Amino acid sequence: MTIKSDKWIRRMAMEHGMIEPFEPNQVKHAPDGHKIVSYGTSSYGYDIRCSDEFKLFTNINSAIVDPKNFDSNSFVDVKSNICLIPPNSFALARTVEYFRIPRNVLTICLGKSTYARCGIIVNVTPFEPEWEGFVTLEFSNTTPLPAKIYANEGVAQVIFFESDEICETSYKDRGGKYQGQHGVTLPKI
């Protein structure tokens, strides 16, 4: 497996629709000129943005978090340019970008240091071969203070690995439960 460069990412996005919408360069300023958390193509990855759709965790309605029997009432829907995550809590969001992963590619997603250095951890599972959809993002606030997430700015970096061999069974072939997801998607069994 080899890690893919900015040149490959641009080609796959522009010729094959791998990332939509796609930013071929690194964006560090908003249209009005103020600094933002960067997003777009980097040397060996793509910095993804968070949309303005959040699901903020609340423990008002639930006593237990059970991934096999998840209660959707455990979240409050928030549509905003910022999301304030309470201390020691978390939120879900989705990317601005829609991904279509080639059959011979696997991605790993890592949080941006801007957020990590503030105690905000971004967790995203790998994008498997032939998976497509908006990415559900998990934000954990590890601090004893409220933490702010900015919509339409960079939150994590996707690194693309191309295999030297095509997999026998892709995520699409398996009928993966998160295939083609739109919006913020809660756990499924």
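Yeah, the Cβs are placed from backbone N, Cα and C, and that goes for glycine too.
Predicted, not measured: the structure shown is a model, and the values here were computed from it.
Here is what Swiss-Prot records for this protein:
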- LYS112, SER113, THR114, TYR115, ALA116, ARG117, THR136, LEU137, GLU138, GLN157, TYR171, GLN181: dCTP binding site (BINDING)
- GLU138: active site, proton donor/acceptor (ACT_SITE)
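Annotation: TYR171 carries the greatest number of neighbouring Cβ atoms among the binding-site residues GLU138, TYR171 [cut-off 10 Å, Cβ to Cβ]. It is ALA116, among the binding-site residues LYS112, ALA116, THR136, whose Cβ has the fewest other Cβ atoms within 10 Å in the structure shown. Under the DSSP three-state reduction, THR114 (dCTP binding site) is assigned to helix. Taken residue by residue with DSSP, GLU138 (dCTP binding site) is part of a strand. If you take the C-beta of THR114 (dCTP binding site) and look for same-chain residues 6 or more apart in sequence within under 8 angstroms, you find VAL37, GLY154. Of the residues the record lists as binding dCTP, namely LYS112, SER113, THR114, TYR115, ALA116, ARG117, THR136, LEU137, GLU138, GLN157, TYR171, GLN181, the two whose Cα atoms sit farthest apart are 33 Å from each other.
A coil conformation is recorded for TYR171 (dCTP binding site) in the three-state DSSP classification, outside any helix or strand.
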